[in-house]
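The block underneath contains the structure these notes are about, expressed in structure tokens.
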Amino acid sequence: MIRTRFAPSPTGYLHIGGVRTALFSWAYARKNNGVFVLRIEDTDLERSTPESVKAILDGMHWVGLDYDEGPFYQTHRFDRYKEVIQQLLDSGHAYHCYCSKEELEAMRAEQEARGDKPRYDRRWRPEAGKTLPAIPEGVQPVVRFKTPLSGVVAWDDAVKGRIEISNEELDDLIIARPDGSPTYNFCVVVDDWDMRITHVIRGDDHVNNTPRQINILKALNAPLPVYGHLPMILNEDGQKMSKRRDAVSVVDYADKGILPEALLNYLARLGWGHGDDEFFSMEQFVEWFSLEAVSPSASRFNHEKFMWLNAQHIKAADNARLAELIAPRLAAAHVDTAHGPAIGDVLALVKERVQDLNALALEVDYFYKKREPAAADVEKHLAGDAVERMGRFADRLAALEAWTAESIHELFKPFCADEGIKMGQLGMPLRVLVCGTTQTPSVDAVLALIGKEEVLRRIRG
């Protein structure tokens, strides 16, 4: 059975690169009727926080990527890691190293002075016929993995193709710190082994970790998963996305009024494609997805295209759901939709005009309360006899028996003819008086929804 995993470190927010990794891992499992596992890699005790764990879990819930197993926490598995470390020590695949911090710094300085690549010189590595230094007093050793001294580590990456790295490029990795706590690269190996992960789909910043992890798996006689390393997501300037310059957190996008399905849809298109299809559901994505179709090249985040896609998802969204999503925004603006037109009817009229939920809430508010118009709009559209003219139009509105967009529309042409004005000289003042803005859908439809009594009240002040 196919088993994939998403394994974030809780040292900050859930960023969009992580969401795309989770999405591709989730989709591959769903496509193949497999299992998707969530693992929290929290061995960095100084940087991992409960707040970050919550942000990850909340983010996964918001985007709707459901997991079949987990969340598993590495900090709950320390006994298992110690057991496997001892197994490697007993089998001769790991050893204790008593180098002090000062020795390692001196070693690095000497190597850099010679122009060599800084690396541990394996002085504590046991070999046949080699005499090890005397164990110093007061030094707690680390445990290092015995990396093969020759040969290559090779794997067929599901995204990048064949990758080969010489063991001569690798040093003897520390797998346990002086206090006995296991290190990241080691925990990952044990977790993937124990959790029977068949496909490791992750960012290409992990490519250099892969040969080290493969060597450890081989030393444990454990099966090797298929590795697939996803390319980086760049910003529009072609630079790595950063929290300072770019909206990269899931929370950022939620606050900006993005629909989760729109974010997933767009992230799916960053590095993967299905012909010319831009707008699709997650059900379609799962049906179409394959690792072979993932590009090994980095992708640029195009904000304009992303917002266009969010607009398409808003248009396609159920109005009842949209009402739920914008309810907190309306409440914060003291807009009460319980009194006034049916919110579903309002959303049906305005949702094609916006690109995000924040803008949608702004489009909705004037149906329930008049905005204070901008001074420039008042000066431009309500100067001279415009207000008196609107009063005369209100009288005609008041005489209507049927309050519909059609009956309201039928008043426009004869009124403009009687007043000797153009339609813009009626429509714009109406918008400013009734809605407090010049930007609305068709004014007859807006007036029909707001209701006769409220429209007359707003016009007549």
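Glycine too: its Cβ is placed from the backbone N, Cα and C atoms.
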Labelled motif ''HIGH' region' by Swiss-Prot, one stretch among 8-18, 107-117, 118-128. Can you tell me which?
8-18
Taking DSSP states H, G and I as helix and E and B as strand, how many residues of the motif ''HIGH' region' (8-18) are helix, strand and coil?
3 helix, 1 strand, 7 coil
Report, as numbers and ranges, every residue of the chain located at least six residues beyond the motif ''HIGH' region' (8-18) whose Cβ falls under 8 Å of a Cβ in that stretch; write 'none' if there are none.
40-42, 44, 47-50, 52-53, 55-56, 59-60, 203, 232-233, 241, 243, 248-251, 253, 263, 267, 301
Model confidence over the motif ''HIGH' region' (8-18) (mean pLDDT, whole number):
90
